[in-house]
Amino acid sequence: MGTIVLKMTAEQISVLQKDLASYATATKNPYAFFSAKVDGTSVIAYTSGKVTFQGAKPEILASRFGYQAEPKQSPDGQNLALIGSDEVGNGSYFGGLAVVASLVTPADHAFLKSLGVDDSKNLNDSKIRQIAPLLEEKIPHKALLLSPRKYNEVVGDGKAHNAVSVKVALHNQAIFLLLQSGAKPDKIVIDAFISEKNYQKYFKNERNHFEFPITLEEKAEGKYLAVAVSSIIARNLFLKNLDKLSQEVGYTLPSGAGAKSDQVAAKLLQAYGDQALQTTAKYHFANTKKAYQRLK
């Protein structure tokens, strides 16, 4: 829910009152003399001359009464050829870990906006499944999927990776492969999951290196179309893997790591034993222990 506050003259407030008279509501606020509710947006006019608009999209109504949204500033590099990389599945008990790196140029922006490309966290799975194939066909990218079986072979105590270093390895490899395919970016951005210092610490252990500098930026999938594209393709790859695993075991495997995952994991243990979790889940998650506790 958003809130917009406008300082208005008495004349402007009078116009607002007339326009919204049919939407007027009662108010018990001693400092307010008018209130209304229009299509989910609440409006309150105060004796101080301030008027608040509050709702899911308050800017729509507020714009009728003088509100002008500040133009969004394009992040540095948005108008450059950009490689963006993102991962999906690291927070889900079931399913693999998908990492995708994509190259987006300014010439791609109109196409991407026509599809409604945005941070995949704001898109439902149905929409992601719909537009991901179009992105895969149009946008140069490299996609990697670490299956649960392989994940459990390399991640854990005494193994080659921990839960963070394995993501560094996958991001590095996806970007490396994209560069090797001929991609020529002006900038490379990864949706930040680690500090740059620690990223470089793990990066030094990688076999495949490249000289191009990397920028780690928080919430990059909402700022850069290249990262948004990678996020969407990675989410689709993760979902397809989850579907495949679900078919193999005969249970619908949920995304996430909540109580539902504990319940399904316990059913898998009862039906198939420990090996079922080794091949469908990230075994080191706390869900494994919780699933065993459910069987006691």
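Glycine too: its Cβ is placed from the backbone N, Cα and C atoms.
If you look up Swiss-Prot, you'll see Asp86, Glu87, Asp191 marked as divalent metal cation binding site. If you look up Swiss-Prot, you'll see 80-296 marked as domain 'RNase H type-2', on the strength of sequence analysis.
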Chain-mates of Asp86, Glu87, Asp191 with C-beta within 8 Å of site centroid, divalent metal cation: Ser85, Val88, Val99, Val100, His171, Ile190, Phe193, Ala220, Glu221, Val227, Ser230, Ser231, Ala234
Around the Cβ of Glu87 (divalent metal cation binding site), the count of other Cβ atoms that are within 10 Å: 25
Asp86, Asp191 as binding-site residues, winner by CB count within 10 A: Asp86
